[in-house]
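Pulled from TrEMBL:
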- 417-433: compositional bias 'Low complexity' (COMPBIAS)
- 645-666: compositional bias 'Basic and acidic residues' (COMPBIAS)
- 673-692: compositional bias 'Polar residues' (COMPBIAS)
- 699-708: compositional bias 'Basic and acidic residues' (COMPBIAS)
- 277-375: domain 'PH' (DOMAIN)
- 501-637: domain 'PID' (DOMAIN)
- 397-433: region 'Disordered' (REGION)
- 459-492: region 'Disordered' (REGION)
- 645-708: region 'Disordered' (REGION)
Amino acid sequence: MPGIDKLPIEETLEDSPQTRSLLGVFEEDATAISNYMNQLYQAMRRIYDAQNELSAATHLTSKLLKEYEKQHFPLGGDDEVMSSTLQQFSKVIDELSSCHAVLSTQLADAMMFPITQFKERDLKEILTLKEVFQIASNDHDTAINRYSRLSKKRENDKAKYEVTEDVYTSRKKQHQTMMHYFCALNTLQYKKKIALLEPLLGYMQAQISFFKMGSENLNEQLEEFLTNIGTSVQNVRREMDSDVENMQQTIEDLEVASDPLYVPDPDPTKFPVNRNLTRKAGYLNARNKTGLVSSTWDRQFYFTQGGNLMSQARGDVAGGLAMDIDNCSVMAVDCEDRRYCFQITSFDGKKSSILQAESKKDHEEWICTINNISKQIYLSENPEETAARVNQSALEAVTPSPSFQQRHESLRPAGQSRPSTARTSSSGSLGSESTNLAALSLDSLVAPDTPIQFDIISPVCEDQPGQGKASGQGGRRTNPFGESGGSRKSETEESILHQLFIVRFLGSMEVKSDDSPDVVYETMRQILAARAIHNIFRMTESHLLVTCDCLKLIDPQTQVTRLTFPLPSVVLYATHQENKRLFGFVLRTSGGRSESHLSSVCYIFESNNEGEKICDSVGLAKQIALHAELDRRASEKQKEIERVKEKQQKELSKQKQIEKDLEEQSRLIAASSRPNQASSEGQFVVLSSSQSEESDLGEEGKKRESEA
């Protein structure tokens, strides 16, 4: 028979959430087995009770045996040999469904007795042990809660002794009950096979003995099959007895070895504190505030994973992120009426958690472990040796401060020294390291001896290369959501597209070419390799605002624009082929390493799985800008045509006006040059219109002749 799935008895004392989760799977399997065996028992009971319905009952039994391979047991069901064996039994029983009723006594002894014992003894034993284990677990949780609430200020030796004895008794009871419960569940995996095969074997043997006259139907092949099944059952029983004996021996050994661990606060002389850990797991009480002054304490399983502190409730399959403990601060604190408390504060000071350990040993080990992880010792090749070298600083962190003022004073030097160290290790250009990085670069893509900039220089302090004075105006606050901050609208408010992303700057360097995405991929590889070589892990987080005019890096705290990239200068952008969190773009600027020609600088960022979205937004912005430029040019051309037409119209109108003026002047000159005829009485001579016109024509003709 193949291997049997088993519950690990060795992990019962730890009682981890993974063990509880695996226990739940075995309990579901036991429930499924119980349901299936009840159905099989009812089918065989019909065979025993009703001889007239023998044919129908055997048919139902055959049907149930056929459906065994379709049963969805939580542990995956049995192997193919078991399924094929039951299928063979199903065929034989189906053939015998038309035979006469068997002797009831033979059926009672050979068929009903084994399955009844399994149902009434084994399955009930599992249910009883489950109830006893649940009671023991609840008693242990109650004792632990009472122990955790022991007063630190009001020490009471009698109360402490009673609570400690209660924890010892309840933990020992839970451990013993849990081990026996695990043993019973493991044994059930064997017994279910026996409970399935033995009744069937007895039924077939009863049929053979009863139908002597029909022995021609029971050929030698069937007898050989039954013999093999009987041998297999005996083998399973021997394997079960051997495994049960081994588990019983393991239980006895663990009981002897685990006796000192039943005490919640073991003797530190026998169990010394290990201050060089970079990984730890165990139960802690977490403080949760429910009001201004009230709070509750929840007991959960905590474990470290890389630079993260994970928490996991009992019965959960996997844990969740509780806090990022990279570059965090940890210290022992005096917390109300609880002992062994410590506080973890994130690197930016925005999040903090107060946890309570079970013993002084766990208390110091948790503080030392988190302190080692905070210093990123787990990233080194030999974390244990590295942690041993910084053991002295870890010891300082576990000394509790008597008051908040002293705690504040003790934290001040660490809080001032840590940012300067991080800033020194992550900012600036590595010009002296360019020789080592040149070996990693491809000369066809990246210029040799190219320095890498790992941090963003604030525009308030320095001008950015290639940005000119445009980035110098970054001191003005920029609203990334398009809301007007004054009477004058900013240039971003007039843009059609506004996309805001959270990014972290990895680095930038000058590149030779900007016509292929391979430039971005190679720059990503070099910057990531350089960060790994020089142990640079800190990154500057910014908000990337994508508009139709430019790309802006905005400080998330102050909303000050750190860098501005004109959109026409962004000539290439791409995301990593495998890691979609990485993306970069190439900016073509004037100046750089040589002021006489254009230079290209590649900027690399990390996002929250939004690299493709950012590249799509940049592409959309460039398309919108292109269409806007084409529309602007078409509008300017149309305006130019209208200006030309308007100018021609003005010239034509002016020409007509000049001709009209000349005609009017000629008429006035002709009228003034003719002598006026007046009478002595002061009356004037009135000329007719025809005479006037003739005179005007004559005057014009004379004038033209004189001019000629």
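In case you wondered, yes, glycine gets a Cβ from its N, Cα and C as well.
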By DSSP, what is the split of the compositional bias 'Basic and acidic residues' (645-666) into helix, strand and coil residues?
22 helix, 0 strand, 0 coil
DSSP-assigned states of the domain 'PH' (277-375) in counts, ordered helix, strand, coil:
15 helix, 50 strand, 34 coil
Averaged over the domain 'PH' (277-375), what pLDDT does the predicted model reach?
86
